[in-house]
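The following features are taken from Swiss-Prot:
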BINDING   CYS12, CYS96, CYS197  [4Fe-4S] cluster binding site
BINDING   HIS41, HIS74, HIS124, SER225, SER226, ASN227, SER269  dimethylallyl diphosphate binding site
BINDING   HIS41, HIS74, HIS124, SER225, SER226, ASN227, SER269  isopentenyl diphosphate binding site
BINDING   HIS41, HIS74, HIS124, THR167, SER225, SER226, ASN227, SER269  (2E)-4-hydroxy-3-methylbut-2-enyl diphosphate binding site
ACT_SITE  GLU126  active site, proton donor
Amino acid sequence: MKILLANPRGFCAGVSRAVETVEKVLEVEKSPVYVRHEVVHNKVVVDSLKKKGVVFVKEVDEVPDDAVCIFSAHGVSLKVEEAAAKKNLVLYDATCPLVTKVHRGVRLASNNDAECILIGHKGHPEVQGTMGQYRSKKGAIYLIESEEDLNKLTIKDPDNLYYATQTTLSVDETQGIIQALKDKYPNIKGPKKEDICYATQNRQTAIKAMLKHIDVLVVVGSQNSSNSNRLKELATLEGIDAYLVDNPKDVDKLWFDNKKVCGVSAGASAPEYLVQQIISQISKVCSTEVEEFEGIKEEVYFPLPRLLKQKIGTGKVE
């Protein structure tokens, strides 16, 4: 059986920045270092950081006053920021800059008393943080996941309306909802460029290009990773068997019975070393040759948080 490796795959610039932020903070600050929420949605990465002394918490209420705390790549609400300030925490913000961009758009809508529609998955930490940017008493923010949700929605002022999206959604699915939004509310405003991040788009494009060449897909990523689940869905929608794994032990020999070509990709929060471990496991259960599938080369880099750059002396505080 041949293995085709999708390109690009794995860590994006926002995840790399978040993980590096935690590792560098461990070097420059005294333990313990607290992180609100999983810094990225990958069990292997989180477990590795726990072993290095990171304490993961659900809320800043669990962090002692004056302690060191890091916000995850998914971002937080204004209430969480205020709670952290009251506790006088030494705060490092690892929010992905592309999520921060979405936050700015929602805050601007709030400041203009515009109602806001957010396309995203209920309960996802990024969505919670984005919803929590809205403060207007005159307007409101609404969360929708589908065109069906949109059809049920009642807006007070369609002429003062803004939309935003979670960054890790399916590009195809979101385009349909956005078009439906524009059809229903012709005067709706939104970001100049769609909020779906470059890494999400690139990884989905890579899978689509590979689909006609494979008959089974393995996506390296955790079950709670939104973007990893979207990659898996692209294959299943085309009738191709697809599996989401974050541990080599999860690989099942039966997946590859009568299969000729296995595609392998990884969500934006899955490290390359884990991809290689899973490829090795696939090779153990069936004879394979591995080939890189040509794709987009990513060269995006996000600098570390300003406070951290100041502490380690690698950059000027702007």
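Glycine is no exception: its Cβ is also placed from the backbone N, Cα and C atoms.
Recorded features from Swiss-Prot, shown on the structure.
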| residue | record | DSSP (3 states) |
| --- | --- | --- |
| CYS12 | [4Fe-4S] cluster binding site | coil |
| HIS74 | dimethylallyl diphosphate binding site | coil |
| CYS96 | [4Fe-4S] cluster binding site | coil |
| HIS124 | dimethylallyl diphosphate binding site | coil |
| THR167 | (2E)-4-hydroxy-3-methylbut-2-enyl diphosphate binding site | coil |
| CYS197 | [4Fe-4S] cluster binding site | coil |
| SER226 | dimethylallyl diphosphate binding site | helix |
| SER269 | dimethylallyl diphosphate binding site | coil |
THR167 ((2E)-4-hydroxy-3-methylbut-2-enyl diphosphate binding site) versus ASN227 (dimethylallyl diphosphate binding site) - Cα distance in angstrom: 9
Closest of CYS12, CYS96, THR167, CYS197 to HIS124 (dimethylallyl diphosphate binding site), Cα positions, binding-site residues only: THR167
Between GLU126 (active site, proton donor) and HIS41 (dimethylallyl diphosphate binding site): CA-CA distance (Å): 11
Residues within 8 Å of the CYS12, CYS96, CYS197 Cβ centre (excluding the [4Fe-4S] cluster site residues themselves): ALA13, GLY14, VAL15, ALA73, PRO97, LEU98, VAL99, THR167, THR168, TYR198, ALA199, THR200, ALA268
Nearest-integer angstrom distance between the alpha carbons (Cα) of CYS197 ([4Fe-4S] cluster binding site) and THR167 ((2E)-4-hydroxy-3-methylbut-2-enyl diphosphate binding site): 5
Span of the (2E)-4-hydroxy-3-methylbut-2-enyl diphosphate site, taken as the largest CA to CA distance across HIS41, HIS74, HIS124, THR167, SER225, SER226, ASN227, SER269 (Å, rounded to a whole number): 15
Other residues, Cβ within 8 Å of HIS41, HIS74, HIS124, SER225, SER226, ASN227, SER269 Cβ centroid (isopentenyl diphosphate site): VAL40, GLU126, THR168, ASN224, SER228, GLY267, ALA268
SER226 (dimethylallyl diphosphate binding site) and CYS96 ([4Fe-4S] cluster binding site), Cα-Cα, nearest whole angstrom: 15
Nearest of the recorded positions (CYS12, GLU126, THR167) to SER269 (dimethylallyl diphosphate binding site), judged by Cα-Cα distance: CYS12
Residue with minimal Cβ packing [other Cβ atoms within 10 Å] among the binding-site residues HIS41, HIS74, HIS124: HIS124
Residue, out of the binding-site residues CYS12, CYS96, CYS197, whose Cβ gathers the largest set of other Cβ atoms within 10 Å: CYS12
Among THR167, SER225, ASN227, SER269, the most crowded of the binding-site residues [Cβ within 10 Å]: SER269
Distance from THR167 ((2E)-4-hydroxy-3-methylbut-2-enyl diphosphate binding site) back to SER226 (dimethylallyl diphosphate binding site), taken between C-alpha atoms, in Å: 10
Entries of CYS12, HIS74, THR167, SER225 which, being binding-site residues, have CA atoms within 10 angstroms of GLU126 (active site, proton donor): HIS74, THR167
